[in-house]
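Visitor: Quick one: structure below, then a few questions.
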Amino acid sequence: MGEKRLKAPGQVLSPLSALQISRVRPRFSLLMPLGLGRRKKAPPLVENEEAEPGRGGLGVGEPGPLGGGGAGGPHMGLPPPPPALRPRLVFHTQLAHGSPTGRIEGFTNVKELYGKIAEAFRLPAAEVMFCTLNTHKVDMDKLLGGQIGLEDFIFAHVKGQRKEVEVFKSEEALGLTITDNGAGYAFIKRIKEGSVIDHIQLISVGDMIEAINGQSLLGCRHYEVARLLKELPRGRTFTLKLTEPRKAFDMIGVRSGGGRPGSGPQLGTGRGTLRLRSRGPATVEDVPSAFEEKAIEKVDDLLESYMGIRDTELAATMVELGKDKRNPDELAEALDERLGDFAFPDEFVFDVWGAIGDAKVGRF
């Protein structure tokens, strides 16, 4: 009790009060999870909401942003209502390279969404690479992540030309930011200007990374792909097997550099959002508050800085886990319990804690 945490060599800490730092328990390794206790997360309340008549199915007792319960919400422990009483949400969709408009509904996560799109256009679900909201272009600022505005239009990008590229790793950093579609495909979200990859015209934003040196990456998460690219030895040549999204006529010849840093996640333009979760049911929520949007943006920037990935759904989950935590130790325990596979280093956890705290007090 009362012990102060020592700063590890090279470690950068976000601004913290002496009291907050003193409450962090000492640990043996930067990769060990902070704390030993576990806090059980309350089950989502939204799954018990009943639909009211009218477009969108939003009720007066909707939960607050990021899963908080609103006035009139149901009591914890009640079983979810039958499907007939849940909100019926219908979204319009097209194939990004051109198609008639389809209508989809009844999905609870991204993988099911791709399946519904495939059914609507009679194509294999594996052909769907990713989706953008309200634009048919490969615009990474409009990439569908874990949130869909209730009035958003979904454009599905399907597999196009396959290509194989040899890359000489002349520098440690290749200049790539990786994301994934939530269903087993990792692809390029950003290419840093002037980087190794920026000089290779065959590689573009939106390209799916199928394999590195013959090793299949299908089913891998973005952080796994980013780690493999980082571990490739400098001064050697490696091979990337890529698939680019099929392009409409007005997109041919365009090579985008991806979203600009700090542009912020696009969480929907409708009156509310449908939040898709990898675990548990999809939930209808209010549009995120200014605090939540800024916190998600800051955490997403930290994910890119530390891990070479961007993922607004992951960032939103981290903000949800951290917004009510009293100190970095509690945040680390929550991250370890929910997102232990990422093995977040201590300095990253401290920076996430600082970013959420800054957003809370309006330090944007």
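Quick reminder: no glycine exception, Cβ is built from N, Cα and C everywhere.
The region 'Disordered' annotation in TrEMBL covers 42-85, 253-275. What TrEMBL lists as compositional bias 'Gly residues' is 54-75, 255-271. Annotated domain 'PDZ' per TrEMBL: 164-244, in sequence order.
Provide an account of the burial state, proximal residues and distances for the features listed.
Guide: Across the residues of the domain 'PDZ' (164-244), the predicted structure has a mean pLDDT of 93.
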Visitor: How does the domain 'PDZ' (164-244) divide up by DSSP, counting helix, then strand, then coil residues?
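Guide: For the domain 'PDZ' (164-244), the helix, strand and coil counts are 13 helix, 31 strand, 37 coil.
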